[in-house]
Each structure stands twice: as C-alpha cells, then as structure tokens.
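J.: Grabbed the feature section from TrEMBL, which reads as follows:
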COILED    426-453  coiled coil
COMPBIAS  368-380  compositional bias 'Basic and acidic residues'
REGION    368-422  region 'Disordered'
REPEAT    10-43  repeat 'WD'
REPEAT    52-83  repeat 'WD'
REPEAT    94-135  repeat 'WD'
REPEAT    136-177  repeat 'WD'
REPEAT    178-219  repeat 'WD'
REPEAT    220-261  repeat 'WD'
REPEAT    262-294  repeat 'WD'
Amino acid sequence: LCLYMGIQHFKGHKDVVSCADFSPNNKQLATGSCDKNLMIWNLTPKARAFRFVGHTDIITGVHFSPNGSLVASSSRDQTVRLWTPSIKGESTVFKAHTASVRSVQFSSDGQRLVTASDDKSVKVWGVERKKFLYSLNRHTNWVRCARFSPDGRLVASCGDDRTVRLWDTSSRQCINIFTDYGGSATFVDFNSSGTCIASSGADNTLKIWDIRTNKLIQHYIVHSAGVNCFSFHPSGNYLISGSSDSTMKILDLLEGRLIYTLHGHKGPVLAVAFSRDGDLFASGGADSQVLMWKTNFDSLNYKVLLSRHRKRVTPDPPPHLMDIYPRSHHRHSAQNGTVEIHPIVADTQSGDPQVVEVGRVLFSTADVRSHDSATSRRDQPISSLGWTHTRPREEEDEDQHERLPGGMTTSREEHSGIPTSLNSTLENIVQQLDILTQTVAVLEERLTLTEDKLRTCLDNQVLLLQQTQQIDGSDQEAEGQSL
C-alpha cells in the first residue's frame, strides 16, 4: 500500500501557479506563476527561496536541464528564458515565436529545447549556441504542449486542434496523429522507457497510447472536469493527474485502476510533477499554493529499472513485464474502492522562507519574428486573467471558448449563429494563414543555413588572411637575409 501525505507548503507566489519541476538532484523545486515570476525553492529546511524577475507576462512552463545548471521557462510574453538557478539570477532570452509560448523542455542530453506555441508551431532550439534550429508545422490550432522522447529521437505535441502528433526529429516530419478527443488536448508526455505516450484532454479524459503499435491501450475517465496536467512516476508504473475539479488522482498503470484521490487545493490543479527519484511530487494550482507530497514507492530499485529501459534501443522491442499493462483498449472509470485523502499539510519550515528577488538579462538572441509585429488580439498580453475555480490549466481566450458549468468549455462557433458564408470566408483566411506560417518556417530554416554558411565563409577568410600575413612575413625575412 502506497501512502501519500502533504509534507510542505510553499508560500511566495501571488497568483495562479501554472507549472513545476524538480531539479535532478532533488534539492530544488522550480515553479512558474501568473504573477510573471519564477520561484526556485530550496528543499532544505530554513533555506532561502529565489524569485526570478524578467518575464513580462504569465509563465506557462518550467524545466531543469539534465545536469541542473540551467532552468528554462516559457511565457505568454512570447519568449523562453534560460536561468542560472542561483542568487546571480542571470538569464538568456530566446524570442522566435509570434504568440504565447505554452511549454518548454530540455532534451535528455541537454543540447536542445523544444517549445510549443499559440502560433501553431513546435520549435526546436540549440542550447549551446543559443539559436533556433527548426520548426514542426502541422497543427491547425494553438499547440499546448511538446515533449522529447527519452532518447531524443521523437517529439510529441498536442493542442487545441484536438490532436496528438508524433514527430521524427531526424526527418522533421509528422509520423503519426492520434485523434480521439472531444475537446482540446491539454498535455502530453512519454513514459520513462519511451514506448508509450499519455495525453490528457479538456473532455475529462486521460489516454495512454503504445507508439510501437499506434494503439490506444488505456483510457481513464476519473475526473469530473478537464485534466490539465499529469506526471509519470520514474518507474512508469504510476501516474498522477491534476484537474479543474480541484483533485489529483493517482493511477496504477500496471493494474489499470485509480488508487487514490488527493484533495489539497482550492480550485483547479494546474501543475503536478514527480521528483527524479520518485520519492516526492509537487502540485500547484489556481489557489496560488505550492504543495509538496511524500510517497513511499520504495519496493523497486528504479535506477536499475531505468537503466534497463535505456538499454532497450531496438525499434520494436518485445513486450516485457514493465511495459504498461493491460494492452487492450478499455475505459477505466472512478471506483468506489479508491481512497480519498484530505491531508492536513504540515509545513516543516518555521514560517515562510526568506525570498530573495533576483534576475537580470545577460543577452538576448536575435528576434526572428516570422510575422508582422501586429498580432491578433489573442496574442496580446492579458494583465488580469480572472481565474475561477472552474478554469482549465491554460486560460482560454474568450473569442475562442465560452465557459460552461463544471469547468468545461465549448466553442462559440457551435452556437453563435454566424452565417455560413462568413464561416467559409474565415476558414479560407485561416487556411491562408496556415500556409503563410509554413512558408515563414521554411524561410527561417533557410536563413539559419545561410547564417551558418556566412559564418563559415568569414572564418575561412580570417584563416586566409592569417596565412597571407604569415607568407608575407616569411618573404620579408627571406629578402632581409638575402640583402
């Protein structure tokens, strides 16, 4: 029996907590908020917390690099920042998306970043040279989340077009599309072995797909409102989800059932994250709270298990015991036998931690905006989000959705009574914009290649000049000796 207990309560954010991630050594927790600040919480008692200031709009995603030396954050201000998680508060700015950036993640080798945006694109960045690499453009609406596979060969993305897409990073092509959603696909991620992806939806569902067979193998309907986020346990055997119904659910993936319902937040749960060793998980929500929970998943040595997963590098390895089971597609609904937990959060700190405000920009990469600076109204910063207990994880634009009782949303176009001719005209405009977006993405890649070639030419010219100078110097010495 695995027990969950809220053990720590972090106070420092002044608005909705939208994202969270643990450092690789499990000594720090990073959280982002609608208050535009990134917080780094040191998990040792009485340690100081750092507030990083720099973003000009809400922070939507946060992720530690594999070695813990950097923290990446994404924001509605259309930028991604790389922070040094120390009191120096230094940051580097990437600015290439033309709309809100919804998520950010490092690859497992720490060499690349993947970002998802409301400009309908997924973009990949080089971390070392701090430059844009390429775009993945096939989504037809806002992209909410993008994640690398553990080996970095694939990218999974999902969005408001109600699809989950799988991309090959070598060919940069979409190799599969999963389309079984009654609403927006809100979050996506790979399990630790990279054999399966999970995705959540605004239609209250959580689905798990085997990407080797391209089949839906598990389908959970355990929440009463949209599922905003989830996190795999490092073993791959458990999953925690957060929902607009203000609860978190713990799923046993091997047995295919719900085992715990956790209460602790007042309002939607917008962020959940397991620590790298699986002993802790954190949650954040619309109540501005950050809670840290303790688990006792200690019956297996997960480091050994993960090393076994990494050794499985064949394209289609045979199933084994630790693969998600059962493999047949069936729905899982909430059961009466599950355990409801209403924790009394014990704050182990004597008072709130001392918060040190830091943050300054080292330098900014070139702004490679691919559209005119005049963007549509949905791309403009929103100073007040008006979150309520029924809002989903990512605030929905009022032009796109209307709120219904229970936290669900519906498209206005379904009942707005707009004439068919106007709808047809708008669809044509959207199609033309999609073509324009793809054209600009191609131009971006060509500009990047041109920049690399120019740099190579300049380097060659410098070498030629140096060689010419050396030859001239040798000739002068020879003439001096002959005289």
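Please read every residue number as a count from 1 along the shown chain.
Here the Cβ of each residue, glycine as well, is placed from N, Cα and C on the backbone.
Explain the structural surroundings of these features, please.
T.: Note on the repeat 'WD' (10-43): DSSP counts are 0 helix, 18 strand, 16 coil.
Within its own chain, the repeat 'WD' (52-83) is flanked in space by residues 15-16, 18-25, 28, 30-40, 89-95, 97-106, 108-110, 113, 115, 117, 125, 127, 130, 357-361, 379, 381-382, 385, 394, which lie at least six positions past its ends and keep a Cβ under 8 Å from the stretch.
Each residue in the repeat 'WD' (136-177) has a pLDDT score, and their mean in this model is 96.
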J.: Would you kindly list the residues that approach the repeat 'WD' (10-43) from elsewhere in its chain, counting only those six or more residues past its ends and only Cβ-Cβ distances under 8 Å?
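T.: Distal contacts: 49-64, 66-68, 71, 73, 75, 81, 83, 85, 270-277, 279-280, 282-286, 288-292, 352-353, 355, 385, 387, 393-394.
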J.: From the DSSP assignment alone, can you count helix, strand and coil residues within the repeat 'WD' (178-219)?
T.: 0 helix, 23 strand, 19 coil
